[in-house]
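Visitor: Structure in C-alpha cells, see below.
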Amino acid sequence: MTARDVSGIAMLSSLPIPKKIGLSFALVIMTVFVMIGVLWWAFARIQATTTESSHAQDIYGYTLEMEGGVQRENSQMRGFLITSDEAYLKQYFESRATEIQSASKLDALLDNDPKARAEVARSHEHMQEWRRTIGDPLIERSRTDREGAQQWLRDNSERVRVTSVLQALRDVRAQTVAELKSVRAARKTALLTGQWSLAIGAVVMIGVAAAMAMLLSRALGRPIVRLTGIMEALSRGRNDIAVPDADRGDELGSMSRAVVVFRDAAVAKARADAEQNEVVDRIGGALGQLADSDLTARLSGFPPSYAAIERDFNTAVSRLSGSLGAVRVNAAGISSGAVEMNEAADDLARRAEQQAASIEETSAAMNEIAQSVTAAATKAQSAEGIVRKASSDVANSEAIVRRTVSAIGDIERSSNEIAEIIAVIDGLSFQTNLLALNAGVEAARAGDAGKGFAVVASEVRALAERSAEAARDISARITTTVERVRSGVELANKTDESLRLIATGMHDISGLVESIAGGASEQATSIQQVNLAINDMDGVTQANAAMVEEVTAAVRALSAEARALEEQVNRFRVDETVMAPAASVAPMRRAPAPVRRVPSPVQGNLAVKQDDDDWSSF
C-alpha cells in the first residue's frame with residue numbers, strides 16, 4: 001500500500017459514512033455528466049449537420065428542378081413553333097409553372113444566403129423577361145404566321161437561348177455542392193468525437209468506480225468485519241477483548257466506542273448479578289419466615305444499591321404486622337356489633353310488618369273513594385250530554401224563527417208590491433171615468449146620432465167607478481194585512497231574542513256541567529294515582545320486610561365470618577410494639593319497638609289518616 005493510499009484512507013476515515021458514499025457517487029456521477037456533455041455536443045452537432053445537409057439537398061434539388069423547367073420551357077416552345085402541336089404548348093405552360101414554383105421555394109430556402117438568393121432571383125427575372133419578349137410573342141405569332149415565327153427564330157437563335165438563366169442556377173448548385181461536402185466532413189468529425197468520448201468516458205468511469213470501491217472496501221469493509229468479530233466475541237462472554245478504531249471520526253468510530261460501552265456495561269452487569277444473587281437469597285429466607293406466619297422477619301446487611309429494597313421490605317412487613325394486630329382487635333368488635341345488628345334487624349322486621357298492614361287498610365279506603373268519585377264523574381258527563389242536546393234544540397228553534405221572520409218579511413214586501421199595483425189600477429179607473437165623462441159630453445153634442453155612444457160611455461163610467469171602489473177596498477184590506485204582518489215580525493224578532501237568551505243560558509249551563517264533569521274526572525284520576533302510589537308503597541313495604549329478613553340473615557353470616565376471621569388472625573405472630581391502634585366500636589342502641597295501633601274503621605268515602613308516630617317509627 002502506497003503513502004497516497006494510506007493518506008486517502010486516513011482522509012476517508014475522518015468523514016462520515018454517508019459523505020463517503022456520497023463522494024464516491026459524486027465522482028462517478030461527475031464522470032457520467034462529463035461524458036454525457038461531450039456526447040450531447042456530438043449529437044447536437046450531428047443533428048445540426050444533418051439539418052444543414054437536408055437543407056442543402058433541398059436547394060440542390062430545387063435548382064435542378066428549376067433548371068429542368070427552364071430547359072423544357074425553351075424546348076417545348078421550339079417544338080410548338082415547328083409542329084404547331086398543342087401538346088407542346090401544354091408542356092410549355094407546365095414547365096413555366098414548375099419554374100415559378102421552384103423559384104418561390106428557393107427564395108424561401110435561401111433566406112440565410114442573400115448572395116445565392118439574389119442569383120436565383122436574377123435568374124427568375126431573366127426568365128420572366130425571356131417569356132415577355134421572346135417565348136410568348138413567338139407562340140402568338142406562330143398561330144397566325146408560323147413561317148415568319150420560324151424565320152425569326154433562326155435569325156435570332158442566340159437571343160432565344162437561356163444560357164444566362166441556367167448559368168446562375170448552376171453557380172448556386174455548385175455552391176450548394178461545396179456546402180454539402182463541408183457539412184458531411186463536420187458530421188463525420190462529430191460522430192468520431194462522440195464515439196471516442198463514449199469509449200474514453202466508459203474507461204474513466206470504470207476506473208473511478210473501481211478506485212472508489214477499493215477505497216471504500218479498505219475504509220469501511222475491513223473495519224466493519226473486525227468490529228463484527230469483536231461483537232460476536234462479546235456476545236460469547238469475552239469481556240476482556242480490546243476494541244480498535246475507537247478514535248475514528250466517522251460512524252465506525254461511534255460504533256466502536258458504543259461497543260466499548262457495551263463491554264464495560266457487561267463487566268458491571270456481572271458484578272451486579274453477583275450482588276443480586278446474594279440479595280435474592282436473603283429475601284428468599286425472609287419470605288420463608290413469612291410463609292410460616294412469622295411476621296417478625298426482617299432484612300439487614302444489603303449492599304448500598306439494594307438499601308431501598310431492604311428498607312421497603314422491613315417497612316411493609318412492619319405495617320402488615322401492625323395491620324393484622326388491628327384486624328385481630330377489630331374482628332372482636334365486629335363480632336360484638338353483629339350481635340347487636342341482629343337484634344336491631346329483628347325489631348325493624350316487626351315494624352315493617354305493622355306498617356304493611358296499615359298501608360293495606362289505607363289502600364282499601366282509597367279504592368272506595370275512587371269508586372264514589374268515578375260514579376259522580378259519570379253522572380256529570382250524562383248531565384252534560386242532556387244539556388248539550390237541549391242547547392242544540394234551542395239552536396234549531398232559533399234557526400226556524402229566523403226563517404219565519406224572513407218569510408214574513410217576504411210577505412210584507414209582496415203586500416207593498418200589491419198595494420202599488422192597486423194604486424195603478426185606481427189611477428186607471430180614474431182616467432177611464434174621465435174619458436167616459438168626456439165621451440158623454442161629446443155624445444150630447446152629437447144629438448140623436450150620439451145616443452148609442454152615450455149609453456156605452458155611461459156603462460164604461462159605471463164600470464170605472466166600480467173598479468175604483470174595488471181598488472179602494474182591496475187597498476184598505478192590504479193596509480190592514482201589512483200592519484198585522486209588521487206586528488208578526490216584531491213578535492218573531494222578540495221570540496228570536498228570547499231564544500238567543502235561552503241558548504246563551506244553556507251554553508253557560510253546559511260549560512258549568514262540563515267543568516264539573518272534568519273536575520270529577522280529574523279527581524277520579526288523582527285518586528287512582530294516589531291509590532296506585534299507596535299500592536306501590538305497600539309493595540315497597542313488603543319488599544322492605546323481605547330485605548330486613550335478608551339483612552338479618554346477612555348479619556348472622558357476618559357474625560360467623562367475624563369469628564372465623566378472628567381465628568385466622570390469631571395464627572400469626574405479630575410484633576406487639578408496631579400494632580396499629582384498633583378502632584373503637586360503639587355499641588348500637590336499640591330503639592324501643594312501637595306499640596301497634598289498631599286502625600279505626602273507614603266510614604263513607606273519607607280517606608284514612610295514619611298517625612305521624614307510625615311513619616316516623618317506620
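The backbone N, Cα and C atoms fix where each Cβ goes, glycine too.
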Visitor: For the feature coiled coil as recorded in TrEMBL, pick the matching range from 286-313, 314-341, 342-369.
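Guide: Comparing 286-313, 314-341, 342-369 with TrEMBL, coiled coil matches 342-369.
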Visitor: Which range, 43-66, 67-90, 91-114, 595-618, does TrEMBL list as region 'Disordered'?
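Guide: Region 'Disordered', as annotated by TrEMBL, spans 595-618.
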Visitor: According to TrEMBL, coiled coil applies to one of these ranges: 212-239, 436-463, 548-575. Which one is it?
Guide: 548-575
Visitor: Per DSSP, what is the residue tally for the domain 'HAMP' (274-325) in helix, strand and coil?
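Guide: Split by secondary structure, the domain 'HAMP' (274-325) comes out as 40 helix, 1 strand, 11 coil.
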